[in-house]
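Note sheet for the following structure.
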């Protein structure tokens with residue numbers, strides 16, 4: 001007789017069949033690796049540790065990044081490579097190629113999507129369309145950018161609010177966003193409109209969700225605080241990949257001199273009761289962001305990773321490095337371009353600029369203010385009127401002889417470090433502390449002595465370090481007729497400075513640690529050369545912006561001499577009459 005299975009065996013088989021059917025019907029968890037960069041700022045070549053010109057240390061560079069990207073693509077199964085904006089602006093590469101270098105090398109590396117940053121608009125819409133948008137094949141995104149009817153050239157069709165990427169059969173939605181303050185920070189023109197990021201991203205996410213997309217990345221360029229708000233407020237976003245604020249996040253001991261502001265990823269509790277990871281990867285291509293997510297039923301159930309430091313332990317890809325060097329050849333003749341003329345000696349010597357007001361410092365700071373004059377309104381003649389620049393960042397004079405010709409390479413000798421001119425918001429107390437710091441080692445030819453524009457400062461060097469500031473007056477910005485007013489410790493001021501001291505260089509840690517806001521700008525070379533081109537002939541003077549007094553009750557020496565001369569003249573005049 002055939003064997004009849006027992007009831008218990010029959011039940012076990014049925015249960016096993018049911019479990020198998022359930023297992024086959026249930027999708028397995030999906031792992032996604034997100035590699036990301038932000039605020040690369042034209043760092044095509046390798047840099048030093050502080051993202052300036054590479055002399056001894058070796059970090060970053062597109063050829064080094066490519067090596068690590070290829071390694072991770074070979075190791076991990078599902079990989080996306082994303083950029084959160086500001087490929088433009090930051091080195092002589094952008095000054096010369098105007099964005100063509102960004103298009104070429106970001107295309108060569110094979111990015112999957114990019115958000116528009118504010119600096120992508122530094123040369124207007126035409127400077128974004130060509131050479132960049134017309135020469136890349138991946139989607140360029142911004143959900144909160146709208147074009148007015150009168151916009152010429154039209155950008156319609158060259159960027160999108162969002163895209164859907166296919167990663168081994170899984171649909172991943174990516175929504176872009178750009179700082180709504182771009183009209184103040186860059187030059188997009190009057191017909192490009194930057195709307196509220198949160199509302200625009202939510203609208204686009206809702207569209208993707210209605211299409212059945214359940215894995216959505218917000219990719220944008222509005223700064224860490226806005227990134228966190230998007231994670232909190234926007235329903236349906238699973239991860240936020242940001243930029244603009246150059247935020248360094250890291251879990252564990254940091255691998256370099258950069259101090260993390262929080263763990264990587266930074267976790268935000270959303271209003272719809274989820275935990276959303278937020279990431280940035282510092283700036284300048286120094287790190288490659290690495291975030292590994294595990295999705296189950298459209299929800300992130302695991303997140304791990306850390307930015308990868310791209311230092312000399314990672315070999316530069318030889319093929320891409322050869323391409324970099326080929327493009328670099330064209331930069332050599334760029335230094336011979338004549339940009340203007342000086343009829344006075346531009347004193348950029350160490351002795352002068354590290355110990356007293358120097359006219360080279362005045363020229364540089366005046367150029368920095370001029371570069372930021374845009375969009376005045378009924379209250380502000382300019383959004384910033386104060387500049388500080390450390391004397392140690394000025395490395396050479398320019399002679400007025402030989403017809404006073406100023407070439408690009410002349411300026412490169414003055415400003416060799418490739419810094420950017422950045423916008424900060426600080427309290428008056430922070431600015432006062434910076435000036436006290438600037439003279440704490442006065443007389444030792446150290447680099448922290450500050451050159452200025454829009455400031456009149458008095459020091460008493462007989463006081464102990466840390467209390468040598470006697471008086472600071474600042475040029476008002478919220479006024480119709482600019483005039484000097486006493487610095488108020490509890491008032492918030494906008495200032496322009498270079499990226500080196502903005503990041504705490506030369507001991508200016510208060511500018512890094514106490515700033516309320518930070519926006520990266522154009523290169524120092526491009527700012528000063530544009531100013532000289534506009535002026536054609538320059539003749540900066542020493543104007544009494546920085547004075548030394550004997551004590552707080554003593555008039556500045558220069559003003560005392562003027563007063564005595566005026567008194568002698570009046571005495572003579574009255575006597576003769």
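The backbone N, Cα and C atoms fix where each Cβ goes, glycine too.
On a predicted model such as this, the values are computed, not experimentally measured, just so you know.
Record check: Swiss-Prot places 86, 221, 244 at the Zn(2+) 2 site, and the matching candidate among 48, 112, 118, 123 is 118. Site annotation for substrate in Swiss-Prot covers 354, 390, 395, 417, 500, 501, 502, 503, 504, 505, 506, and the matching candidate from 246, 269, 306 is 246. Sequence-distant neighbours of residue 39 (Zn(2+) 1 binding site) (same chain, 6+ apart, CB under 8 A from its CB) are 84, 85, 86, 117, 243, 244, 246, 282, 283, 284, 520. Neighbour counts were taken as the number of other C-beta atoms within 10 angstroms of each residue's C-beta; across the recorded positions 86, 122, 503, the minimum falls on 503.
Candidate recorded positions: 41, 119, 311, 347, 403. Nearest to residue 501 (substrate binding site) by Cα distance: 41. For residue 118 (Zn(2+) 2 binding site), the spatially nearest entry among the recorded positions 41, 135, 347, 505 is 41, judged by CA separation. Sequence-distant neighbours of residue 347 (N-linked glycosylation site) (same chain, six or more apart, CB under 8 Å from its CB) are 353, 358, 359, 360, 397, listed in sequence order. Within 8 Å of the centroid of the Cβ atoms of 39, 41, 86, where the record puts Zn(2+) 1, the same chain has further Cβ atoms from 38, 40, 85, 87, 88, 89, 90, 117, 119, 243, 246, 283, 284, 520. Cα to Cα, residue 503 (substrate binding site) and residue 119 (site 'Transition state stabilizer') are separated by 19 Å.
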